[in-house]
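Undergrad: Before anything else, here's the structure in question.
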Amino acid sequence: MNNMTKFGLTSAMTALAANSALAQEAVSLDEKVNAAFASSTGWFVSFIFSPFPGTSFPWIVMWLVIAATIFTLYFGFVQFRFFGHAISLVKGDYSDPNDKGEVSHFQALATALSGTVGLGNIAGVAVAVGIGGPGATFWMIMAGLMGMASKFVECTLGVKYRNELADGTVSGGPMYYISKGFAEKGLPGGKILAVLFAIFCILGAFGGGNMFQANQAHAQIAGIVGDYPGWITGIVFAVVVFMVIVGGIKSIANVTEKVVPIMGVMYVGAALIILAVNFDMIGWAFGQIFEGAFTGLGVAGGLVGALIQGFKRAAFSNEAGVGSAAIAHSAVKTNEPITEGFVSLLEPLIDTVVICTMTALVIIISQQLIIDQETGNYVLNEAGTAIATVGGVGGVALTSAAFGASISWFPYILAIAVILFAFSTMISWSYYGLKAWTYLFGEGKASELVFKILFCIFIVIGAAASLGPVIDFSDAAIFAMAVVNIFALYFLMGVVREELASYASRLKSGEIVKHKG
Amino acid sequence: MNAKLIIGLDGEASGSRALSYGKKLSNLIGDCAIVVVYVIEWSPFTFQTAEENAQRHKRREEELKIAQERIIDPAIKQLAADGITATGIVRHGDVADTLNAIALEEGAEQIVVARSSEGGISRRLFGSATSNLVMHASVPVTVVG
């Protein structure tokens, strides 16, 4: 229970961490980094994940879910009403031919997705299902569907209030829409909130967007080649990231940006093949998901455990309400900010409803989770914190074992995918963090360089630190962004509703038409 | 009614051959205007980093300016020196589709392009811009060797 409320991947990654821990005993640098890290971030983590008094339900999870529900209702289920229109926009049906050469809706969506599709879809889902049982999948899908509305609001605002700088480049994101939007509505405190968001965004960039990635990538590599100190992986990653973000070596980023989507397609493709081969079990798997969603099927924490894990991992995976996507989407060229909102609502759908569900189904169907044949309930591990698995593994290792049960060589592909996903997420978050940094300290080469160097240093720290403190801090920093962002969205959602009403009426009257070619 | 020719340039020697042939053709026709076109290869379905996206508008302006100054303007000047009325267009997009679209917009009689300067595996996989144009164009296409 305690583990669940603290939300670490800790217990679930035990297998990968076990070997690592042995080696780290001998490596004093790793130990020092780890100890210093845990003692300096503990209070922050405890605050973000503190439960409602008398319950085990963390208030932050409730905060995200309530927001997504309010936005869904306030915008009249916009994620379903404008779903088809969102697809048309991505296809370019409504793009002005004179804007060719600018950032397209597809490109903005793909860029934002490359920042979210990654470890959350592979490791996070395994954690959710491993601790919360198959029922967590149901709540994950629900959170994904509702989260579409949160993305819609924040990305519309991201484009509407972005800064177009004198040199022709753009900067956008929550810090801009909070300060400008509040000023426009005559509300006080916009600047303070924007600064607060920017601080959390920088911490999120160092945490979930950096250290968590480095940490998991190291666990993957160590799992294949045998254990070795984390700081070595950290330095290799830091050097490559440094070459891209400081050295401007675009070719590395370009290769990653092309390979990552291919990896994503291969991942979904492999999942589909496994599902097709076991098609007779899909009905049973969905049965487990629905039954588990409302009964818990004996997992630790029961129904509430499944619900918390599902909501939590969905939020960490698709980042709806966090505000990061608003930074990525704000670069698109459009005269209608709301069109970017429509496009962005596809993100949680692809990330959570499609990819995360695929992972969950493969894990369930592969029967890596041990079921008590007499009761039909899941068997808990010795500590009683998670469901016992065939190989006693969790996190990435559980996903890997599940895919490996059907396709023996897939774990190798998965390992490469995890490393590449980690790298591309780091590149994306280095940009999000940089935007927050320049918002606070001003644009300029020297200021940017300081952030970029710090970012690279945190990669080494992330890879060297043991799992618990890094993951807890990563989660806490990302969710802290959501606290400020969603608070501001409540004040600004009226602006989006006006945009929506105006756009919908012009679409209906035929004023907004499709362009051909 | 005067005829109009579209000449596709690629900033290389092959484009110059197309221009020379277009000039010759124009003189043969007599009352003929020329539109020189340079297409910057671009697709809305590529993958870019967030930083590239943020700088995209700026880069686009630079690309248009450079193409206009280095490819289109010298070609127009060269044609004007020979007494031929010429205009220029720079656009982003798929080379074959864009040349064809401009030909239709301008009501051109013909498109003149040079034989493909692309080589290697990409041509084998996707075909060259020239062969795509020949296969899909709505107006006659002359390919200069």
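Glycine is treated like the rest: Cβ placed from N, Cα and C.
TrEMBL: automatically predicted annotations, no manual curation.
For A:1-23, the entry in TrEMBL reads signal peptide. Under the heading transmembrane segment, TrEMBL lists A:59-80, A:122-142, A:189-208, A:228-247, A:259-279, A:285-308, A:352-371, A:383-403, A:409-429, A:449-471, A:477-496.
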Undergrad: Does the transmembrane segment (A:285-308) reach the transmembrane segment (A:352-371), going by 3 or more CB pairs under 8 Å (6 or more apart in sequence)?
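TA: Answer yes: the transmembrane segment (A:285-308) meets the transmembrane segment (A:352-371) with 3 or more Cβ pairs below 8 Å.
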Undergrad: Among the recorded stretches A:59-80, A:352-371, A:383-403, A:409-429, A:449-471, which has the greatest number of Cβ pairs closer than 8 Å to the transmembrane segment (A:189-208)?
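TA: Out of the listed stretches, A:449-471 contacts the transmembrane segment (A:189-208) most.
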Undergrad: Counting Cβ pairs under 8 Å that sit 6 or more residues apart, are there three or more between the transmembrane segment (A:59-80) and the transmembrane segment (A:477-496)?
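TA: Between the transmembrane segment (A:59-80) and the transmembrane segment (A:477-496), contact is present.
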Undergrad: Can you work out whether the transmembrane segment (A:449-471) touches the transmembrane segment (A:228-247), with the criterion being 3+ CB pairs under 8 Å where the paired residues are 6 or more apart along the chain?
TA: yes
Undergrad: Using a Cβ cut-off under 8 Å, which residues of the same chain at least 6 positions beyond either end of the transmembrane segment (A:409-429) come close to it?
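TA: Cβ under 8 Å, 6 or more out: 111, 114-119, 122-123, 204-205, 208-210, 213-214, 216-217, 220-221, 223-224, 237, 240-241, 244-245, 253, 256-257, 259-260, 263, 266-267, 270, 324, 328, 396, 399-401, 403, 459.
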